[in-house]
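So the structure is just underneath, and the comments pick up after that.
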Amino acid sequence: METVQLRNPPRRQLKKLDEDSLTKQPEEVFDVLEKLGEGSYGSVYKAIHKETGQIVAIKQVPVESDLQEIIKEISIMQQCDSPHVVKYYGSYFKNTDLWIVMEYCGAGSVSDIIRLRNKTLTEDEIATILQSTLKGLEYLHFMRKIHRDIKAGNILLNTEGHAKLADFGVAGQLTDTMAKRNTVIGTPFWMAPEVIQEIGYNCVADIWSLGITAIEMAEGKPPYADIHPMRAIFMIPTNPPPTFRKPELWSDNFTDFVKQCLVKSPEQRATATQLLQHPFVKSAKGVSILRDLINEAMDVKLKRQESQQREVDQDDEENSEEDEMDSGTMVRAVGDEMGTVRVASTMTDGANTMIEHDDTLPSQLGTMVINTEDEEEEGTMKRRDETMQPAKPSFLEYFEQKEKENQINSFGKSVPGPLKNSSDWKIPQDGDYEFLKSWTVEDLQKRLLALDPMMEQEIEEIRQKYQSKRQPILDAIEAKKRRQQNF
């Protein structure tokens, strides 16, 4: 009788872990259920809080990871209290891992929902998701925080359809003495021009990324997704703002919303508060319109897991029969899965969020047709063998003009043919590439081939420079750890 009373009272909602819970071992407070995937700096697991029965997400981060980034992520989540931002409940140290306990969003990320359903989103669905996302950005920007990695993979949905901002691994805080940041952080295809150019940026950098995300939700991928990320970062600040591949397929309101987000001048770009008043967002429908696509995505995921389960069970039976033929008493172990549902530990297409993945997901999706059936190569989502990597400090000096020209001029001496002594070999100002029209195909190919080794050389120099700054910090952290151990 006593057990029933403990197990069945009305359970309160978990808001924050109390001091008593935080002093216990995490296994005493949570039951870890399964691995969901990879987030920034760590693996993410689904778990249940024993006292309340509430499902949570736990990010387990190796202590040897970048400690400053982990502390930054925790700090930003601790300060946030919004229904449109993933909640933080508390953290633990366990062996060599830091456990960060946060809100669980059962439907996963928007990008995963697109992949699971093999469909892009409708305007109504996009408007509803953008409305919640803008409320989250309005809150963050009011708190003088920049997310810096807005994309469909970092917008999570709970099972009711509410969108929440997640993955603060690269988020930054604006202070009164630092009104604009000058570091290049984010995912290249979503990055604002001013971020790439390192001319300083503020909260509206997130708005550019939101505009790219709107295109991503409509077309299945961001602009420039099919070209090398390092080439994309040249094109984003140089080219006009991107738009839809087929603008005629989209309403004037949606097209104008994206246009307001993708203004190259940050001073003229709309804020989150202003965009919440845009007709496209104001006419957004309730979250109930997202329930069908959420249920459909979750059904696909469940069927895939059941199929995997049947395959594992079948393999177990076949191996068991073989083992019985080998020996009447000894049964060999069949890996470490033992007939359980396999959950992937890898991410696809750089989603970098606390979401569930199947190993077989990319191979089973086939080709995603986007917008129209008569569109050929442009209308399909191509599978990539490599994942989109988040931008790293290797971009930090990539766009400094003098350094570029020095590298180009020195490299040009070894370039064969007409490129060798050509005055056209310098990077043109203001994106003036008209002179290329007079070149032969052979000359253009030589120029293209010359770019890659030059890029690799610059990246290596920047990497070494970054490492020389990073190493003293790592040494200082290690020294402090040793002193703490001595005490």
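Glycine too: its Cβ is placed from the backbone N, Cα and C atoms.
Swiss-Prot assigns the feature coiled coil to residues 290-310, out of the candidate ranges 290-310, 353-373, 395-415, 458-478. Geometry remark: S265 (phosphoserine) versus D149 (active site, proton acceptor), CA distance 19 Å. In the structure as shown, the Cβ atom of D149 (active site, proton acceptor) sits within 10 Å of 26 other Cβ atoms. Cβ neighbour count for S265 (phosphoserine) (all protein chains, 10 Å cutoff from its Cβ): 9. Residue counts for the domain 'SARAH' (433-480) under DSSP, split into helix (H, G, I), strand (E, B) and coil, are 45 helix, 0 strand, 3 coil.
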